[in-house]
């Protein structure tokens, strides 16, 4: 009984930290979203996609699966946007902004629709993990995992290629300006993906090891801390490392 009480106490402590980080994440991402909407200096496609990503992080607290899906694809979309802006700068400047962003957001929507399909098509009643309903069932679990891993891998490759292109054009003033915001984006992405990877690794490991419920709920609450930490630190990173975002936030607040 003392062991059960200890694990339940630890679970409450982890849940308190997780809840606090969730609240901070909602607040910070709301500030980032508001700043993006109100600031004329943040009208570039990259800034709009970053603002959308902050919206998806807010949605994550309400509809985790859809928030994760949209946020994951948004990270890829931001990487693609930076790659195009450096690889084809003249064409990028002449692009129709409405059409370009419509294509980007349509791709995000289709990936979210794919995840919704996995949830409902493979739905299995009474499937629970640690007394909580499981969202992905049967083949949907592997399809979701593989698609997420593929998106993250593609994003990783695009970010690496874009980073090398920036390094090769370091004497170009315009490329150097793009490079400064890209370095901030990379730092944010590292925190974001590290949080998700840590949480998902712990949860995946728990699926292969049998634990009594009091231990399992403790470990699940502990795992949830990392993803919410990754989401919560995005705004401070943008504010502290990007003059563009710091000035925009200061003007609004």
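Backbone N, Cα and C atoms are what each Cβ position is placed from, and that goes for glycine too.
Going by TrEMBL, these are the annotated features:
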- 14-34: transmembrane segment (TRANSMEM)
- 46-63: transmembrane segment (TRANSMEM)
- 69-88: transmembrane segment (TRANSMEM)
- 100-123: transmembrane segment (TRANSMEM)
- 143-163: transmembrane segment (TRANSMEM)
- 184-210: transmembrane segment (TRANSMEM)
- 216-241: transmembrane segment (TRANSMEM)
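Simply put, out of 69-88, 100-123, 143-163, 184-210, 216-241, 216-241 has the most Cβ pairs sitting under 8 Å from the transmembrane segment (14-34). Only pairs six or more apart in sequence are counted, and the transmembrane segment (69-88) with the transmembrane segment (216-241) gives fewer than three Cβ pairs under 8 Å, not enough to call it a contact.
184-210 is the stretch from 100-123, 143-163, 184-210 with the greatest number of Cβ pairs below 8 Å to the transmembrane segment (216-241). Listed by sequence, the residues of this chain that lie at least six past the ends of the transmembrane segment (143-163) yet keep a Cβ under 8 A from its Cβ atoms are 68, 72-73, 75-76, 79-80, 82-83, 86, 111, 114-115, 118, 136, 182, 186, 189, 193.
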